[in-house]
Ligand SMILES: Nc1ncnc2c1ncn2[C@@H]1O[C@H](COP(=O)(O)OP(=O)(O)O)[C@@H](O)[C@H]1O
Ligand SMILES: [Mg+2]
């Protein structure tokens, strides 16, 4: 089974990297670009047979390692 | 218009971060996890009215800045 | 010797490099801002270490697209020597002036220590004063120094004798222990170690001196 | 402005007591609105007002002929000759680092940097004092990893070398780690900037990053005791941007070269509130702010949030009239936000407008000056018994004891940490981490600044007064050991809940001891920080008054380090050895006992021995020097062998109890490596000063040979010493 985790910063948390990319695009002459946001995606293959179990496992991985709940939120999708 | 760019490492380029994640998951007791891959996603808002023009602009951004063709590939999706 | 050092927002070894060059060349070194496009006549351009643009997006990526780098590319094509150290190496690969890419260190963490390495070729304006195969020790300080290149690219580098330095103790997982590479014309050098931090015994070593002496001999 | 009515509940949520609220009503003669209440709450928080400690801090000596500016400004300033000054300070970021170790530690570094460059200094060195919980506690590894990469991530990016620190572990910090950061900068003596808002009509300007909703109530959080539901406070974590900080450093230093700044102050804890109130208060002036002109990062922010935001990388300046364009040009060159947000008045009031309407109107003096001062009840820590000479039968011989000590959490090498810090950037690091004090050359000169951070919390817990004294003395000694003249200290006092008399007793005792040592050693306090309420569920940290010391080496040709270069040198032990085992690491790590009074600190002897050691180093009679502290003589000698990559022999005197002589932690001691040719001169000088200096061994070989013990090879010692922390972090313990 394949899982995909999308991790994004909680709203309001400063993202200096996105800001810098936005400014850099502007200085390269790209106009009208706004609200640059960055997300991280982690994809992985799972040995699980059961979709619900897989989802639970990935959720546990997010809580324990993949995401930093203090400043990030995540969403999981499972592809059987 | 909203654009989303997904940037992933070219096959064959090894990703120390993904490898470390895979190892850490194993050492945390998550079993059967394989092929961990990382992608970067950049989302942005565009002032463009025209979808095709928007797509072209984002493609130019990728070529010029957002992706490094030596190690990365990208895909673009536009959401009007 | 007419030398210059570029400063990008976030560069932090620009002063160190300029100071080292001034000391070794005994000549003032010009300082160039990343938005300058009008460079004075130069023999050597230094691209310093540090965290240009915070290392955001990819190390060196944003700096590589800044106005001054177009001019650096033009000058390099004309044969002016370009020395990129640490972040400067990353900038040069991102700008396409050197092949390959620098990824996150294999151990993921930042590594600051003096490491043993070998001068892999003495035939370049940067390395002529080293004994061939000399073993030297230079400080490294980076978290993205893991040099990667495709198979063909690596073969070309080796065949054309363009690996300038090779780690004896690999601190970052670089392919073939590569610590520094030369351009095809051999006038552009990118290297992760910091020769400018090794120019006096008081700072813990002077194995970086021959690099500056080589440049002095080749260019002045 | 319509704001909700102030209920007792809202007052409580703001951390203000009933009495404090009554005081506010009296000051204002009316009810405060919510913005005003928020301002009072942060200004009167422990963190900003020092209400529990102020009375006692006044006992610390703060003057010496070389002190240019003591406590009260953003950082302390001392003269280092040739028209230059060193500017430095230490600060805590304990609670944020526990909640989010990477960002907490990173923003701690950012904050302390700003305190230093805001005064006109270029930051040249960073230090960090870290106290973690038990290494086997489930959270410890995660906290160590996060804190260290946060400190490195920030310091490396701004390009200021992190050159020294301290890292220890004890279960008392399981729920409340300590992360203290120190920064040292160098400025021209005639270009020091202060933070007193002056000149009616002068513009008040904002520079740096935009303001978001970061860390609102960070200052009150830093003053509140932790509970298990502290996780709920998470959104208040600030995120740092070292890239912007680097730009801000360069922009501010560039602007300072022009003649347009009247006053400048960073926005630290309590952000715009504390910076504006403190500037007006120092200048005895008033300020009017047009708050809507503050550059904002997020939509829909309200005055309350703008005043209390702790967004990082921001500065507040008072400029000379008419110089805004010049200043704006510099800030914009570096890509930073710039806005004129108000002006200086002579009203003694802070008037804050939001789109023309008054959002707050408060008198400056009572908010910042007349915050409450508490004389909290205290009980002294009960004394413990001395343990000298024999301490009962040991479970292992002294050889194994040495190996245990070299690999114990507090003494094991911290290389794994400092190799993640760029400790060489700026090209002036003359002594890297790993020695007694790090040394950075003053750029372009042949002078050096020696820097160190010290404290032994287990001594402070056993006897706060002796512990406070010892921390100052150890910092002094570490500076002497590299050949520096100790100049002054900064400090960060980390304690538990001051409302508990026994904690208050620790604080009072430690300050007393510090004051006595500072006086005896001519080593005044020029800046500092107090962090209280370091406890979780009623369990306090060990009392931890971290001391940051700065010294001057006038001629780097007369510096020493821990490493000797050749065999056949005499090893000379300076100071008296009585075999004091109380409170020692030997007792704790080898015998499993945390007991006994800490070693006595004899200040006159400390002074005499230190002055002697500095004299003989300066006279070039010494080839290597190390002060003896944790682990005593044998650990100190082993550390020197490791630094030198060479062995030595050590002769245990017949009359001594070996274990106590080898591992006792008697104070005021140094171990010197001296050429046989210089020995006579050195002995004569010792006699002249009344200092005990006796040869105890000789350098040479590949092992450490101690009377009566099987030789211990350098490799075996190194494996123990270097192995522990990497193994811990790899998950091997
Ligand atoms: N967190 C840290 N950052 C940088 N250096 C550190 C850190 N922790 C310890 N060190 C370094 O390790 C060495 C040993 O520390 P310590 O045992 O506290 O020394 P001392 O007993 O001389 O005060 C010192 O050089 C110190 O600067
Ligand atoms: Mg010491």
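Here the Cβ of each residue, glycine as well, is placed from N, Cα and C on the backbone.
Per TrEMBL, the ATP site holds D:50, D:89, D:528; the candidate it also names there, chosen from D:23, D:491, D:494, D:497, is D:491. From the candidate list D:22, D:238, D:600, the residue TrEMBL records in the substrate site shared with D:92, D:93, D:94, D:95, D:114, D:310, D:311, D:312, D:531 is D:238. In this record, ATP is bound by D:50, D:89, D:491, D:528; the longest C-alpha to C-alpha distance in that set is 16 Å. The stretches the domain 'PurM-like N-terminal' (D:72-187) and the domain 'Phosphoribosylformylglycinamidine synthase linker' (D:12-51) are not in mutual contact, being linked by fewer than three Cβ pairs under 8 Å (pairs 6 or more apart in sequence). Among the residues D:92, D:93, D:94, D:95, D:114, D:238, D:310, D:311, D:312, D:531 said to bind substrate, no two Cα atoms are farther apart than 21 Å. Of the candidate recorded positions, D:50, D:89, D:91, D:93, D:266, the one lying closest to residue D:114 (substrate binding site) when CA atoms are compared is D:266.
Of the recorded residues, residue D:94 (substrate binding site) and residue D:47 (active site) place their C-alpha atoms 12 Å from one another. Taking the binding-site residues D:94, D:312, D:529 in turn and counting surrounding C-beta atoms within 10 angstroms, the largest count is reached at D:312. Each residue contributes its Cα atom, and for residue D:266 (Mg(2+) 2 binding site) and residue D:312 (substrate binding site) these two points are 9 Å apart. Using a 10 Å Cα-Cα cut-off from residue D:491 (ATP binding site), the recorded positions that qualify among D:47, D:91, D:93, D:115, D:312 are D:91. When each of the binding-site residues D:91, D:310 is scored by how many other Cβ atoms sit within 10 Å of its Cβ, D:91 comes out lowest. Shown in sequence order, D:57, D:71, D:90, D:91, D:490, D:492, D:493, D:525, D:527, D:529, D:530 are the same-chain residues outside D:50, D:89, D:491, D:528 whose Cβ sits within 8 Å of the Cβ centre of the ATP site. Residue D:529 (Mg(2+) 1 binding site) carries a strand DSSP state (E or B).
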